[in-house]
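Colleague: Structure below; questions to follow.
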Amino acid sequence: MKGKPAVLAQLHKLLRGELAARDQYFIHSRMYQDWGLEKLYSRIDHEMQDETAHASLLIERILFLEETPDLSQQDPIRVGKTVPEMLQYDLDYEYEVIANLKEAMAVCEQEQDYQSRDLLLKILADTEEDHAYWLEKQLGLIEKIGLQNYLQSQMS
C-alpha cells in the first residue's frame, strides 16, 4: 500500500529520533556499567532495547507503505559526563520524541492514515508512561536524597 508523502516524512523523522535515542541510551548504559552502577546500566540498557523495538515498528510501517527506510540518517545525540546530566539529556530527548509523536499523529489524522496513528499512539504511551516517567522519578530522587545516596542505591 503506497503511503502518503506527509505521513512518510513524519515516520522517517521519528525513525531518525528513535535511532538516535537508541544510541544515546547505548553509550549511557555502557558508561553506567563501567562506573559500577549496575542498576542504572540494566534499566538504561532496557531503554535502549525499547528504542530499538520502536525503530523496528517504524521500519516495518515504512516498508509496508512501500518506501525504503534510511538508516544512515539520525538526529544528533548528547552524551553526558555525570549521572544527573545523562539522565537529564535522556529526559530531554524523550520530551522531544513525545512532541514529535504528537505532531506525527496529527499529520496521520489529517491524511486519514489511522493505522500509522494507532502505531504511534502505542509508542507514545510507552514513551510517556515508561521512559519519561522513570527518568523524571530518578531526577526527583537525586533532588530528594542527594546524588551520593542515589549513586549508592544504583550499585549492585
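Using N, Cα and C of the backbone, Cβ positions are placed for all residues, glycine too.
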Colleague: Say Swiss-Prot lists Glu51, His54, Glu128 as binding Fe cation 1: which of Glu18, Glu96 is in the same site, per that record?
Modeller: Glu18
Colleague: Counting Cβ neighbours within 10 Å across all chains shown, tell me which of the binding-site residues His54, His131 comes out on top.
Modeller: His54
Colleague: Write out, in the order they occur in the sequence, the residues of the chain not among Glu18, Glu51, His54, Glu128 that have a C-beta within 8 Å of the mean position of the C-beta atoms of the recorded Fe cation 1 site.
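Modeller: Those within range, site residues removed, are Gly17, Ala21, Asp50, Ala53, Ala55, Glu94, Val97, Ile123, Asp126, Thr127, His131.
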Colleague: Report, as a single number, how many Cβ atoms besides its own are within 10 Å of the Cβ of Glu94 (Fe cation 2 binding site).
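Modeller: Looking across every protein chain shown, the total is 22.
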Colleague: Tell me, by DSSP, whether Glu18 (Fe cation 1 binding site) is helix, strand or coil?
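Modeller: In the DSSP reduction, Glu18 (Fe cation 1 binding site) maps to helix.
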Colleague: Reported in the order helix, strand, coil, what are the DSSP residue counts of the domain 'Ferritin-like diiron' (1-146)?
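Modeller: Going through the domain 'Ferritin-like diiron' (1-146) residue by residue, I get 117 helix, 0 strand, 29 coil.
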